[in-house]
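Okay, so here's the structure we're looking at.
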Amino acid sequence: MAKEEPQSISRDLQELQKKLSLLIDSFQNNSKVVAFMKSPVGQYLDSHPFLAFTLLVFIVMSAVPVGFFLLIVVLTTLAALLGVIILEGLVISVGGFSLLCILCGLGFVSLAMSGMMIASYVVVSSLISCWFSPRPLTQQNTSCDFLPAMKSAEFEGLYQE
C-alpha cells in the first residue's frame with residue numbers, strides 16, 4: 001500500500017499537468033490574447049515576466065478600491081443633482097487622494113507579494129522535481145541530498161585522539 005501511494009500521487013500530478021497544459025494552450029490560442037501578445041506592450045511584458053506578474057497582482061488587488069471609489073463618485077454625482085455641489089467636490093477630492101494613497105500602498109504590496117510568490121514557486125517546484133523525479137533511488141539520494149555525506153575515513157579521523 002505504501003508503494004501505491006507515490007504512484008497515485010505521481011499519476012494525479014501528471015493528470016493535473018495535462019489539464020493545466022490544455023487550459024494554457026486554449027488561453028494562448030485565443031485570438032485576443034494573440035493580438036495582444038503581438039503588440040509592443042505584449043512583447044515587452046513577455047520579455048519581462050516579473051513585471052507582468054507584478055502588474056497582474058496590482059490590477060487584481062486594486063479592483064475593490066477602484067470599485068468603491070467609482071461607487072462614491074456615482075453616489076455623490078446623484079447627490080450633486082440634488083444640489084450638493086460643494087460636498088461632491090470635497091468628497092471626490094478626498095476620495096481621489098485616498099485612492100491615490102491606497103493604490104500606492106497596493107503597488108508596494110503587490111510587488112512584495114509577487115516577489116514572494118515567485119520565490120516560493122521556485123522553491124516548491126525545485127523540491128517537487130527533486131522529490132518526485134523518476135530517477136533510480138541511488139541517483140536520487142546523491143543529487144537531492146542537502147547535507148554533504150562524509151566518508152567513513154574522514155569521520156573516523158575526526159574523533160581519533
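Numbering starts at 1 and runs along the chain as displayed.
Each residue, glycine too, has its Cβ placed from N, Cα and C.
Topology check against Swiss-Prot: Pro65 and Leu111 fall in the same compartment relative to the membrane. Helix, strand and coil residue tallies for the topological domain 'Cytoplasmic' (1-43), in that order: 37 helix, 0 strand, 6 coil [DSSP]. With a cut-off of 8 Å between Cβ atoms, the residues of this chain six or more beyond the transmembrane segment (94-110) that come close are 54, 57-58, 61-62, 65-66, 69, 72-73. If one looks beyond the topological domain 'Lumenal' (111-116) by at least 6 residues along the same chain, the residues whose Cβ comes under 8 Å of a Cβ in the stretch are 50, 53-54, 56-58.
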